[in-house]
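Noted in TrEMBL for the protein shown:
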- 64-189: domain 'Pyrrolo-quinoline quinone repeat' (DOMAIN)
- 202-278: domain 'Pyrrolo-quinoline quinone repeat' (DOMAIN)
- 394-422: region 'Disordered' (REGION)
- 394-421: compositional bias 'Polar residues' (COMPBIAS)
């Protein structure tokens, strides 16, 4: 057991060393080491959502700026070179200054952007529900190239070296050249259409020469990253909309059957499972020794990476369900949002630190860069930059945060003043609390469709 753990720790450490010398996970060494970037969904191509050298406030936070939009936001922010990129249901990708929340430019696609962009070496890649993948210049927002994928695309792009990987319609994975969008290979791995169950539900994780994807069915599929050759399949007990995370020789993924699975990256053989009391629709965050996962039972769990043994669990709230956000783990803190508009901070040893009322519904994962937490709010239709600040209000709105830096609203709407317990955030909270877990899932599906 200790040998396996040590081996995984060595693999992880060597992987991080590899990043410092090149484009192992799709971005430059400068970007990785600066601590000021978050280049793609789950931070890296393996979707680990782990930044062990970064810190976040241990105490209360407040918004230093907010950028408001006209429609909902499912996209998680990505960050590079002082600019945040985030998509919106208004069909646009926005480039926003991380310094003050002002808009730098926006690019309009033909339909909603529900996914998380990826940025690497001066180009930002984003998919739209107009069935296309776009490559844009980070400085100007000008289109470098676009590629129609022919089918509904609910996948965030994943960048590895000179290749962009993206899934479409929950059944086909494409590998495209970063330079011009030419197709290197496309592989249809299953029949059927992905369930509309969560943001980025058909996104891929790439590591160890392997592409792993679920696509919204019960089956998890692995392909060779070089040519798309199928490697293995594994069937869970229910629908999978969780995006996989890879740490060396293990793949981790959640399922609606209430379990988190650890599968061998090379073969797909089950190594262990851990059962919760609710569906797991979020994606695990993985460190060298632990797996963090949020469940529909309202708990955040820490598990041993070696055998799935529970290290601790924390109940985040008393309402049924309501944790659509995937956790992110920093040096000492795990961050996760809920469907009631709150961002939770829990120490890596399982102690609640704080919670912050962001707004109405935190659907996507938070992002951490230069000691700031960036988080999207689906119902309040805004992105907030959170830093160490005034005391957190555990109920109602943070008025000072709502009023901060109105210049950061760009072309969006102005902040709406509401008292604590009123407004759209509270309405969503009350509605979802009454719906319960099954009702919440149905509500989510109907809203997104």
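Using the three backbone atoms N, Cα and C, a Cβ is placed for every residue, glycine included.
These numbers come from a predicted model, not from an experiment.
Per DSSP, the domain 'Pyrrolo-quinoline quinone repeat' (64-189) is made up of 0 helix, 66 strand, 60 coil. Counting residues of the domain 'Pyrrolo-quinoline quinone repeat' (202-278) by DSSP class, helix then strand then coil, yields 0 helix, 39 strand, 38 coil. Restricting the average to the domain 'Pyrrolo-quinoline quinone repeat' (64-189) gives a pLDDT of 94.
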